[in-house]
Amino acid sequence: MLYGFDIGGTKIELAVFNDKLERQYTERVETPKDSYEQWLDVIVNLVEKADQKFACKGSVGLGLPGFVNHETGIAEITNIRVADNKPIIKDLSERLGREVRAENDANCFALSEAWDEENQQYPFVLGLILGTGFGGGLIFNGKVHSGQIGMAGELGHLQLNYHALKLLGWDKAPIYDCGCGNRACLDTYLSGRGFEMLYRDLKGEALSAKEIIERFYAADKTAVDFVGLFIELCAISLGNIITALDPHVIVLGGGLSNFDYLYEALPKALPKHLMRSAKVPVIKKAKYGDSGGVRGAAALFLTK
């Protein structure tokens, strides 16, 4: 059996899948906040419980909300303080007596979508999350491409370019600080949070993404103008990403992926930001939603 974990700041979810990635069992618990040992204990206990339930020694894949250094096995997960900068893979492997694999949650999301029957026709699937943050996962022929140390796909930490700053207005463009230590990272603009901050700073009113989108569909001029600007900002940024990576398909996840107008507007806005000979990839909504993380974590053992 394939065990997939979605490790979050507030909850830890285990889902058990068969080798066809069909879910057999799920359990969620609160994320311990008191100590690293307690955090490890919770994961070990969930694995041992699943082993007993399914009378097997299942494979263990982790989806983590941060960067996993594949050279050192250290995970940088700042929103889970007790496990940040710890040798998670080594410690869990020793405790469980088996190999443990881990990737960041964006890679797991992308891997889950790449293993969907409809997407297996595409050699290169790019998954993009437009949620609390903006991140990416690169899947080549059904396998995560994580680069030299595991940093490939950290697209949220690319920075706004000349055309994006010109679009926002040289004298009024809001420049946001990013948690990575840099400024003007895509994570702070193309995420759901960035969508809201841009509206506030450019239009002078604090609204939720849901409220902005509702006003857009109600033909509110301010919201319509803002969405047009946001689509153009996305097209500029995705144009750079597509030029560099040339994916066959882009799958969008996260809260903003439910804004259906994106799938109509982005393919029309992209060509002017690409080379003449470039091909606009298929852009589609994620199929597995909140289940993508655990499903992709489980699929780590189908791909290496």
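Quick reminder: no glycine exception, Cβ is built from N, Cα and C everywhere.
The feature ATP binding site is assigned by Swiss-Prot to 4-11, 133-140. When secondary structure is read from DSSP and collapsed to three states, Gly133 (ATP binding site) falls in the coil class.
Taken from Swiss-Prot, the feature Zn(2+) binding site applies to His157, Cys178, Cys180, Cys185, supported by sequence analysis. For His157 (Zn(2+) binding site), the count of additional Cβ atoms within 10 Å of its Cβ stands at 19 [all protein chains shown].
Within the same chain, residues at least six positions away from Asp6 (ATP binding site) with a Cβ under 8 Å of its Cβ are Ile12, Glu13, Ala15, Gly63, Asp105, Cys108, Gly293, Val294, Ala297. Ranked by CA distance from Gly135 (ATP binding site), the binding-site residues His157, Cys178, Cys185 have His157 at the top as the closest. Separating the Cα atoms of His157 (Zn(2+) binding site) and Thr10 (ATP binding site) is a whole-number distance of 24 Å. The binding-site residues under consideration are Ile139, Cys178, Cys180, Cys185. Their Cβ neighbour counts within 10 Å are lowest for Cys180.
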